[in-house]
Number of protein chains: 2
Amino acid sequence: MENGEIPENANEHCPGPQSETAGQSDACQGCPNQQVCATAPKGPDPDLVAIAERMATVKHKILVLSGKGGVGKSTFSAQLAFALAAMDFQVGLLDIDICGPSIPKMLGLEGQEIHQSNLGWSPVYVESNLGVMSIGFMLPHPDEAVVWRGPRKNSLIKQFLKDVYWGELDFLVVDAPPGTSDEHISIVQYLDATGIDGAIIVTTPQQVSLIDVRKEVSFCKKVGVKVLGVVENMSGLSQPVMDFKFLRITETGEQRDATEWVTEYVREKAPELLNMIAFSEVFDSSGGGAEKMSKEMGVPFLGKIPLDPKLCKAAEDGRSCFTGPNCGLSAAALKRIIEKYVENEGLSKMLIDDNA
Amino acid sequence: MENGEIPENANEHCPGPQSETAGQSDACQGCPNQQVCATAPKGPDPDLVAIAERMATVKHKILVLSGKGGVGKSTFSAQLAFALAAMDFQVGLLDIDICGPSIPKMLGLEGQEIHQSNLGWSPVYVESNLGVMSIGFMLPHPDEAVVWRGPRKNSLIKQFLKDVYWGELDFLVVDAPPGTSDEHISIVQYLDATGIDGAIIVTTPQQVSLIDVRKEVSFCKKVGVKVLGVVENMSGLSQPVMDFKFLRITETGEQRDATEWVTEYVREKAPELLNMIAFSEVFDSSGGGAEKMSKEMGVPFLGKIPLDPKLCKAAEDGRSCFTGPNCGLSAAALKRIIEKYVENEGLSKMLIDDNA
């Protein structure tokens, strides 16, 4: 990476287009870029210099990653941004999931557009201290598929880093797509010189999800990004008993709604159930879940968030799960996780200093 | 696409490297591939010819797609393959999720390796009529991240199509990664000449997931792949009441396990609850879910599968959810969906013909 971006179609041991031997080393024989590399001017990528300038006003950069999709990564990124903003930090949220941007929806910003000023692209603001940038704001039609191969995605990510005017930020939270491919290589490479605090990795307790998280941790180690911690999301469903619907199975095997009847029946016969919480593991976590995996891989475990219809609803509605009535069991869990992260990284000091 | 694959770094109006004007049209000015294109031999990509030969023995090719990850696409692909194999069809399952292959785990094939014969790469067989191919079988270390950009992923997909010896197949089920990027463009492009039956798209009822499904449908329309149907997965959690754990909240706000106590209490005071099913919507589907979206977009809706710990466990254990005791509420739903697909496409006739 020190020698600039290696082209997509380069030979295996490409010395890098910025290298002294670009286009002239043994590895360059037969490479389609050989001629271009041999003749191109050498030196650092001017875009990386522009990115470093933009990022000079950003104190902390956090990537939110997941191995698999659908584990609640964007929900976590959104709620992390809401929580940090509620602590009075200046927060930016950058969505680099080019093919499936969920962030506009989750921040309640659907249909918003990006404006341009002489300082650059302006983020869309939820609050004065919470700005958001996503390709979602640029699509003329929300149903339209973004059918882009890697290089085009990379170039938009570069532009986001280079051209967005965030101003002074305490935190830039970057919501990445699942996996370890173009977007991930690019964001790490582009931010390399300016420093990344590290990555928070979101997973579910399922083995299939944990397999991919291990890959994500190994990716972080490979590219030198610190793992700030692992979050286990959808750790079972936890819900007051009386929030469920109840179904009775008829003799013919059909399911009939019996919720009203059950409510009455429980009130009369078994009132102690009214205040109970019912819990279902949903995903098998007999393998020890993310906590055990974190220990095995030597990375911090930040905590578990239960599957909670109230959190899902907050995400659908594009609002913080911490505000409003009935903020649910998951909000408390999320809050503990964010506090743990802030404490682990010694950021509470910053909060105190700033407020002093 | 008719003029061969357009290189990653081509200029915008690239005529295609196989075109008569390759390297010589106005659009080629300044393109890094100009020289290669101008001098390369013209004609169809020989790999596409090899793929067409391989695919000549495959009757039906089905893509399983999803907009977002983690919606249960691989679980569906795996169970679809199990179900078709149980109907005595000859089935191949190809996993093209290069960065996060879940299929080996979900078919109970972890740690298996691919063997090579003079006919090509041999799939790994679950049963004599169910063969599987995945990059997961090729990784020396399961934790290792596959940090590959697009072109390298595309080339492996090509190799899978070109070099795997499936023999005679009734169905090739292709499990794609989420999104609409390199893998999707490539698989459609490579299979274009041999014909794809169509795509089954898996989603959850959440709005964020449906937004991405709309993109997936629009992608299919764009590239001319028929949408065989949409499946709504994780349509709420459905579970017998007594399969839950019960928690009591103490005065200090802690949660204490009270499952044993509740079991006894319900048996004694409210025995009618013992046969009830509790249902939680989990994900907000007030927007009408996938069924409404399918109607709006004019594509068939195949059905809903509830979130069911028994299905999750089957996926984790790498086995069919249709066999064994207690096969759960989801298995029945899945079965109805697969039957509907078979019926919609007139494939039941094939079953009868074959068995005649």
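Note that Cβ sites are derived from N, Cα and C of the backbone, with glycine treated the same way.
Annotation comment: TrEMBL describes A:1-26 as region 'Disordered'. Here TrEMBL flags A:C14, A:C28, A:C31, A:C37 as [4Fe-4S] cluster binding site. Per TrEMBL, ATP binding site is recorded for A:G67, A:K68, A:G69, A:G70, A:V71, A:G72, A:K73, A:S74.
Known features from TrEMBL, placed on the structure.
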residue	record	Cβ within 10 Å
A:C14	[4Fe-4S] cluster binding site	19
A:C31	[4Fe-4S] cluster binding site	18
A:G67	ATP binding site	30
A:K68	ATP binding site	29
A:G69	ATP binding site	29
A:G70	ATP binding site	27
A:V71	ATP binding site	26
A:G72	ATP binding site	25
A:K73	ATP binding site	28
A:S74	ATP binding site	29
Cβ contacts of A:C37 ([4Fe-4S] cluster binding site) (under 8 Å, same chain, 6 or more positions away): A:P17, A:A22, A:G23, A:C28, A:C31
Binding-site residues in contact range of chain B, given that the Cβ distance is under 8 Å, out of A:C14, A:C28, A:G69, A:K73, A:S74: A:G69, A:S74
Cα-Cα distance linking A:C14 ([4Fe-4S] cluster binding site) and A:G67 (ATP binding site), given in Å to the nearest integer: 28
Secondary structure content of the region 'Disordered' (A:1-26), with strand meaning DSSP E or B: 1 helix, 0 strand, 25 coil
Spatial separation of A:C14 ([4Fe-4S] cluster binding site) from A:G70 (ATP binding site) - C-alpha basis, Å: 35
A:C28 ([4Fe-4S] cluster binding site) CB neighbourhood, other CB atoms within 10 A: 21
[4Fe-4S] cluster site shell beyond A:C14, A:C28, A:C31, A:C37, criterion: Cβ within 8 Å of Cβ centroid: A:P7, A:A10, A:N11, A:P15, A:P17, A:A22, A:G23, A:S25, A:A27, A:N33, A:Q34
